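Some notes on the structure that comes next.
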């Protein structure tokens, strides 16, 4: 179906008192992303020409958090209802576009459901998203005559008979811009709350003989709003369960789907195995046959085929080629790069460092601002001293170098191909190819030496 141009209004002016937080409610996160960002992303994916964000409380915090989004900011200085919020945005509506109304605290609304709503909107009428609940207490009821939607009655204004209706309003609707502006201008606050209800436009449209078409979401969770942290935590689990199900059906082995969190996008190959309590953040790519141990955190990284990441390892903004082994308890910080077959063991930290093919840093090591060649062995306790308190410097280690335990490389320094560095050495000057570097103080031995005795 050919759709009209469309703009989206997102209502985000509420304070969120029941969150007991200094943050505006819509800035609380679900799956690592603010609730309102989920909604903005859905609007953009739908192809919205403009996204109007109606804000009130915490405007400065909202603008800072959403500074990279192309939004039209609309102030609602007083919170006088949903209709009043839409009235603030109405001057920005084009007559010939459709206006879709969304909510910043309803984060799981799907693009698929919104597209069905958009497709179902009749010419000159309203598309309305509704659901049926066993217990509709507190929600606006959908009234019908001969099956046709005639209006929405808020719970506080409903009669006993109307309160028996199970079909309720989700608040999400779409209508033509010119029609929306005309109906908004007719709203009154003659109700129990003394507010301007956007829902009253349904009755206004019906009185004009306009058609109102109701569409149901694929899942109830899509239209669940968040008013407190308990509701937010429940939606988090719903979201994570859905993501885990998709991954399992796509061939990823999650050892316990209930103990896996996806806070971004995961691209994966075949026969990937992920153990319990793993967190995936940002954009992560896992190659074929990758294994990730329990308790790992992987963020914005590319992991090549046949890599194995042992438990409790943190990988952030890193790139691993095929057949690398990491951990346990390793940390790869931004800029870490491992070439094919490289190994980083327990309690090894890398930042802005490249470890060559087949090279190994087995344990208790810091490699920062370093370029390490192929088939290099880094002994335990090795440190690249890259920072002088003001500036950072680079360490370059050639192929086939052996670095003994407890070595300090004071950058800037270059170690030539095939060199050997004896254990306990502090390297302050460049080392030539195939040379042995040693800087230990000669060992002294005192025969018959006795330890001091504590005084009683």
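Cβ from N, Cα, C; glycine included.
Matching 361, 423 to the acetyl-CoA binding residues that Swiss-Prot gives (380, 386, 387, 405, 440) identifies 423. Residue 363 (active site, proton acceptor) has 380 nearby among the binding-site residues 227, 380, 423, 440, counting only those with a Cα within 10 angstroms of its own Cα. Distant neighbours of the region 'Linker' (230-250): 28, 30-31, 35, 107-108, 221, 224, 257-258, 260-262, 266, 268; these residues of the same chain sit at least 6 beyond its ends, with a Cβ under 8 Å from one of its Cβ atoms. In this structure, of the binding-site residues 227, 386, the smallest number of CB atoms within 10 A of the CB marks 227.
Cβ crowding, taken as the number of other Cβ atoms within 10 Å, peaks at 104 among the binding-site residues 81, 104. Largest Cα to Cα distance within the recorded acetyl-CoA binders 380, 386, 387, 405, 423, 440: about 23 Å as a whole number. For the binding-site residues given as 105, 154, the lowest number of other CB atoms within 10 Å of the residue's CB is seen at 154.
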